[in-house]
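Notes follow once the structure below has been shown.
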């Protein structure tokens, strides 16, 4: 295996253009986030097709519960695919993940509704989401490793495109959401219209495969394999020797992931709790995507010059200070303009934190276990603070009767992230 990697590295030992590495690494993350976004955005209609119930609230909770369950398979994908990336290479792992994501999306597009195939419909939708979640488990760690290892001098800017690609996907999903909900009737959306955004997602798969075929393996990975070919890949080794790093990665991702997935829940939140129409929430998420698209790479660019934690710590503290104020304002106003302003503020803070985040998480782990460690830490954090966020938000509102209640969850995530980043700085010396 080592000889194979060395030969490949020699054959491909040419300068690789930054844009090619960034595009190849981030396109799978874009597809993952697009699928997540459209599932969350259209959960109201998905619940009718695949999770019918006498209670609309129960149907939506079942759809969101499936959304949440798919995140708990992600750590399994992180272990299996992250270890694969540390054994066989970043490039083979990224090819496999995009194939799996494509398969899961295709299942949702083709799935007959519950009134046609009965109980098989929700079970197969759950299977599709589990396949997507398993693939996503290995995507972030492998892709971030490829970026920071190919572009070590620009690791903050390069890795920021992991989250910039999410912004692009948010924009695309929001534009399609606005178009579909504006042009189609409620009945059309419930019967077939919700499938249209997933069909668009299918187009990304072949493009991603083509681009990834033309990017060489990470030379840093090849060198690490030559020196320590056996240490890479063992999850036991990661948990024995890098437990603190995994816990810090989980904490570091908490606040940004919580905000991210709350924003995906905004269309449902706007309809069910603020009395707005279906397209209102999509306009807010579209604006959020535009803010993140601009601000995230800017934060990534400047963090390479002035220090990454200089951006992250103030942003996380600002989230904690402003969360309750912003939730109180948006609930009291129940107006689209206020919702958009609140989403913009959260998005600016998220971008400031997000820009440096992926490269900081990558630096927590050494090269030989980076794929496994980064994938595991990221996906456990996303499972807790991503997959559960829409469900927890709906649950908190249900038990309190207060539309501001999701703020408690955001505050908890903010506190954990501040503690984690300060520990990364003090204990590991990552700046």
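Glycine residues also receive a Cβ, built from the backbone N, Cα and C atoms like all the rest.
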* **TrEMBL annotation (transmembrane segment) - matching range among 7-31, 57-81** => 57-81
* **The annotated transmembrane segment range in TrEMBL, which must be one of 126-150, 376-400** => 376-400
* To do: For the transmembrane segment (33-51), could you work out the same-chain residues 6 or more beyond its ends whose Cβ comes under 8 Å from its Cβ atoms?
  => 59-60, 62-64, 66-67, 101, 104-105, 108, 111, 113-114, 121-122, 125, 129, 132, 136, 165-166, 169-170, 172-174, 176-177, 189-191, 193-194, 197-198, 201, 204, 261, 264-265, 267-268, 271, 278, 281-282, 285, 390
* To do: Would you report the average pLDDT that the model assigns to the domain 'Major facilitator superfamily (MFS) profile' (21-431)?
  => 85
* Sequence-remote partners of the transmembrane segment (192-211) [C-beta within less than 8 Å, at least six residues beyond its ends] -> 20, 23-24, 27-28, 30-31, 34-35, 38, 41-42, 45-46, 49, 95, 98-99, 101-102, 105-106, 108-109, 172-173, 176-177, 180, 184
* Structure fact -> Under 8 Å Cβ-Cβ from the transmembrane segment (157-180), and at least six residues away from its ends along the same chain, one finds 18, 21-22, 25-27, 29-31, 33-34, 37-38, 41-42, 140, 143-144, 147-148, 150-151, 189, 193-194, 196-197, 200, 256, 260, 263-264, 267, 279, 282-283, 285-286, 288-293, 296-297, 299-301, 303-304, 351, 354-359, 362
* So which residues does the transmembrane segment (376-400) touch in its own chain, when a touch means Cβ under 8 Å and the partner is 6 or more beyond its ends? -> 40, 43, 57, 60-61, 64-65, 67-72, 74-75, 77-79, 82, 136-137, 140-141, 235, 238, 245-255, 257-258, 260-262, 264-265, 268-269, 272-273, 361, 364, 406, 408-409, 413
